[in-house]
Amino acid sequence: MGLNSNRVDDFFSHNGNTSVTTVKVSTEITMPAPEAATMEIHTVCLPPKKTTFQKLKHRLSDIFFPDDPLYGFKNQTWCKKLVLGIKSLFPICQWGLEYNLSLFRSDIISGLTIASLAIPQGISYAKLANLPPIVGLYSSFVPPLVYSVLGSSRHLAVGPVSIASLVMGTMLSGSVSPTNEPILYLQLAFTATFFAGVFHASLGLLRLGFIIDFLSKATLLGFMAGAAVIVSLQQLKGLLGIVHFTNKMQLIPVLTSVFEHKNEWSWQTIVMGFGFLFFMLTARHVSMRNPKLFWVSAAAPLTSVILSTILVFCIKSKAHGISYIGHLQKGLNPPSLNMLYFNGQHLALAIKTGIVTGMLSLTEGIAVGRTFASLKNYQVDGNKEMMAIGLMNMAGSCTSCYVTTGSFSRSAVNYNAGAQTAVSNIVLAAAVLVTLLFLMPLFYYTPNVILAAIIITAVIGLIDYQGAYKLWKVDKLDFLACMSSFFGVLFISVPLGLGIAVGVSVFKILLHVTRPNTVVLGNIPRTQIYQNLHRYKEASRVPSFLILAIESPIYFANSTYLQERMLRCIREEEERINENHESILKCVIIDMTAVTAIDTSGIDLLCELRKMLEKRSLQLVLVNPVGSVMEKLHQSNTLESFGTSSVYLTVWEAVGDISASWKPQP
């Protein structure tokens with residue numbers, strides 16, 4: 001490329017409507033425009049000075065109070081603040097004052113609809129957790145009442161859920177047998193529920209909800225799909241009528257146990273089980289195809305329970321191969337505060353189970369609540385939800401309930417049935433109350449095979465193959481995380497599968513932090529814009545300049561990598577220049593627009609890089625460091641070593657000013 005000091009490149013020109021100064025720009029780069037352009041150089045300012053206390057206060061406010069929860073209390077009288085505080089603590093006081101008969105009509109229909117689904121599911125999920133079936137009904141009575149007072153979601157239907165039930169059953173039964181030590185097992189289940197509630201409430205009170213974000217959507221998708229497969233295979237015990245079955249939750253042991261006990265298969269159980277399973281899956285398919293027929297899938301489980309119970313009652317003398325529930329105790333939830341297990345050798349197991357099931361149930365509950373809130377254009381406060389779900393589980397642990405949260409299947413039915421407020425949960429609790437007081441003898445002949453079919457129908461919706469395919473198309477690393485958690489659950493164990501899911505999520509975060517993206521920028525002709533050379537084909541390199549952009553904070557964890565990466569880019573640029581016989585490299589510009597933070601290791605990196613480039617007669621220039629970065633550079637005296645002419649507001653100004661300062665070569 002030829003050199004000409006009398007011409008100015010057109011990428012320094014404005015669009016004609018900007019202010020100009022008397023500074024004339026000249027450069028040695030070959031320029032297409034015949035006229036010299038003028039430009040104004042802006043100063044990169046330091047942020048307003050703050051004390052250490054002010055900085056700490058602002059930072060903590062951003063971390064723990066991003067939504068500014070006290071905004072509504074500003075400029076209010078003490079009486080008004082008290083009313084607002086009560087409404088904030090008890091959301092029922094917000095909508096309860098405006099409640100009317102029209103809303104109640106909608107809520108009672110939706111409440112009775114989800115009750116028809118919740119009652120059979122509650123019994124089934126309790127069996128999944130290796131608990132007495134009656135505990136599932138207890139857990140569908142007290143928790144919905146508590147949530148209706150404290151919860152902020154209008155559509156969340158509360159009760160036992162499949163994944164938390166599976167995880168609790170797996171973790172507890174690994175150390176304590178539910179058949180040999182049923183009382184101890186029940187104590188640990190209630191204690192784990194208590195600690196799950198403490199975990200939920202603590203996160204909400206301390207505003208630490210971001211902890212559950214370590215379970216990314218991709219890892220949860222794989223975990224739930226793997227758990228759904230394991231749960232479904234475990235139900236083959238009930239569908240086939242097998243008596244002796246493995247307690248392990250891995251794919252190979254479960255399948256091995258199925259075929260090792262072929263002599264226990266009962267043809268009556270198989271016919272009834274697969275017949276009703278087909279009926280419920282068909283009802284589910286009909287409702288998915290036509291959402292207006294939501295009541296078809298909602299009523300299918302209870303219909304199956306009623307029909308199968310009548311059938312078993314009529315043929316009980318002939319159907320010896322079909323097992324049924326048997327006696328269920330009538331009455332309200334008995335108190336279980338005296339059963340909480342706070343000392344002994346299994347306390348650590350109860351705490352660990354509570355935290356794991358608490359994390360899963362909280363993630364599901366908040367995700368479901370936010371999903372339906374977005375459909376109706378209202379906001380769900382995540383921290384209030386954590387408090388509500390936590391207090392709900394703590395109260396439940398004292399009233400013979402195990403871990404509960406918002407169920408997606410029941411919440412979807414609640415939403416489609418036209419629920420308007422949390423009163424639908426009160427109606428649900430009332431229906432369960434009637435069942436507990438008067439209808440329990442009717443479940444005596446309910447076959448266990450129906451419970452297995454109900455569980456399979458419920459969990460099969462957790463296998464989201466379309467979501468996995470989307471992950472493959474959009475983000476291969478997310479797909480890897482999804483598959484890791486999926487196969488971890490299938491072949492290792494459910495708790496370890498969850499651990500793998502969290503581990504892969506953390507690894508992904510570390511990968512992004514320690515290996516940030518760096519790109520080479522070029523100028524888009526006839527503009528002041530600089531963009532990625534590999535992304536924008538029309539962008540061109542600026543002779544004698546190498547412009548790099550760092551797209552992450554600079555920390556101790558990535559400073560060494562960034563130094564090596566930038567030195568490599570400089571070496572490759574010099575090799576390219578030599579091969580093409582272009583103007584020698586004189587200046588390296590680092591665009592720091594995306595560098596949101598820097599620590600002392602990052603500052604040392606910049607200083608070392610400047611010294612290394614000086615020895616090679618290369619100038620290092622920083623562009624647009626953000627306020628916090630600029631402040632640290634100033635406090636560390638790094639700006640003094642760089643000089644005021646080495647920090648610019650934009651890449652365009654940096655290239656123009658530095659080019660103007662170079663003397664033309666003869």
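Note that Cβ sites are derived from N, Cα and C of the backbone, with glycine treated the same way.
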Please identify the range among 90-111, 156-177 that TrEMBL labels transmembrane segment. 156-177
DSSP tally for the domain 'STAS' (535-658), helix/strand/coil in that order, comes to 63 helix, 21 strand, 40 coil
Recorded stretches the transmembrane segment (386-405) and the transmembrane segment (156-177) touching, at least 3 CB pairs under 8 Å: yes
Ranking 156-177, 183-206, 218-245, 450-467, 479-507 by the number of C-beta pairs under 8 Å to the transmembrane segment (293-313), which range is first? 450-467
For the transmembrane segment (450-467), I need the partner stretch with the highest count of C-beta pairs below 8 angstroms, choosing only from 156-177, 183-206, 218-245, 426-444, 479-507. 218-245
